[in-house]
Amino acid sequence: MPTLGVNIDHVATIRQARRTVEPDPVAAAVLAELAGADGITVHLREDRRHIQDRDVEVLRKTVRTHLNLEMAATAEMVEIALRIQPDYVTLVPEKREEVTTEGGLDVIGQQTHMADVVQTLQAANIPVSLFIDADAAQIEAAAQVQAKFIELHTGTYAEAKGEAQQTQELDVLKQGCDRAAALGLRVNAGHGLTYWNTYPVACLPGMEELNIGHTIISRSVLVGLERAVREMKDVIAGRG
């Protein structure tokens, strides 16, 4: 059964809507862990639209499970990661105009740069995951740059219309898991997962961790964060 990494970006989104001090994502991380979260994920974007540098610094000191820092592969972010020392880093694509991450990294198109970033971080004992589509060529490129993990982009699966298309996209993810395993890559997944579509992804062979945020934070507005996290844990375990 995969573990659950709770992404708390959207707690910060609510805070930044008013440029105030609440709700505090650090407090949300504590509640998520108490409810059974196996890890905490945050995306420190270049435009700082939600998570702020202060959040990452305090989370590094307070998270008791593990801290996954999502970031672009830029010199600024590498410097921050080396200073903060998260438990691992997930490199993600980033465009200022996007509402949320729109797809996986093009590792093939920037293989030399990715290899340099991966080497720099892993030399500092920070394992690196690459957020990529379940494309065989991209998975092979991830192995070539010596990443420890990949995180499969589940957005296309999540947006599939109808059972047939969803089944087709799930098979693409399964093939990605199989290819990654053959190359010695560990596999996480995330993006667009909800209480209604997560379980099939949790059942994929070799799946280690699911990073889920928006649906949990949305649910927490209605039932509270601890219950929302527990309910997602139940979904992953097949009890939901």
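Using N, Cα and C of the backbone, Cβ positions are placed for all residues, glycine too.
As annotated by Swiss-Prot, 3-amino-2-oxopropyl phosphate binding site applies to Asn7, Arg18, Gly192, Gly213, His214, with the evidence given as sequence analysis. Residues annotated as 1-deoxy-D-xylulose 5-phosphate binding site in Swiss-Prot: Asp9, His10, Arg45, His50, Thr100. Annotated active site, proton acceptor per Swiss-Prot: His43, Glu70, in sequence order, evidence recorded as sequence analysis. For Glu151, the entry in Swiss-Prot reads site 'Transition state stabilizer'. According to Swiss-Prot, the feature active site, proton donor maps to His191.
Taking the features listed in Swiss-Prot, we show where each one sits on the structure.
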residue: Asn7; record: 3-amino-2-oxopropyl phosphate binding site; DSSP (3 states): strand
residue: Arg18; record: 3-amino-2-oxopropyl phosphate binding site; DSSP (3 states): helix
residue: Arg45; record: 1-deoxy-D-xylulose 5-phosphate binding site; DSSP (3 states): coil
residue: His50; record: 1-deoxy-D-xylulose 5-phosphate binding site; DSSP (3 states): coil
residue: Glu151; record: site 'Transition state stabilizer'; DSSP (3 states): strand
residue: His191; record: active site, proton donor; DSSP (3 states): coil
residue: Gly213; record: 3-amino-2-oxopropyl phosphate binding site; DSSP (3 states): coil
Task: recorded positions near Glu70 (active site, proton acceptor) (Cα-Cα within 10 Å), from His10, Arg18, His50, Glu151, His191, His214 - done: none
Open item on the list: Rank the recorded positions Arg18, His191 by how many other Cβ atoms lie within 10 Å of each Cβ and give me the one with the fewest.
Closed with: Arg18
Open item on the list: If you count CB neighbours within 10 Å, which one among the recorded positions His10, His43, Arg45, His214 has the smallest count?
Closed with: His214
TODO: Among the recorded positions Arg18, His43, Gly213, report those whose Cα falls within 10 Å of that of His50 (1-deoxy-D-xylulose 5-phosphate binding site); none is a fine answer.
DONE: His43
Task: Rounded Cα-Cα span from Arg45 (1-deoxy-D-xylulose 5-phosphate binding site) to Gly213 (3-amino-2-oxopropyl phosphate binding site), Å - done: 16
Task: Candidate nearest His10 (1-deoxy-D-xylulose 5-phosphate binding site) in space, where candidates are the recorded positions Arg18, His43, Glu151, His191 and distance is Cα-Cα - done: His43
Task: Neighbour-count leader, CB within 10 A, binding-site residues: Gly192, Gly213 - done: Gly213
TODO: Given the recorded positions Asn7, Asp9, Arg18, His43, state which is nearest to His191 (active site, proton donor) when distance is taken between Cα atoms.
DONE: Asn7
Task: Cα-Cα distance linking Asp9 (1-deoxy-D-xylulose 5-phosphate binding site) and Arg18 (3-amino-2-oxopropyl phosphate binding site), given in Å to the nearest integer - done: 15
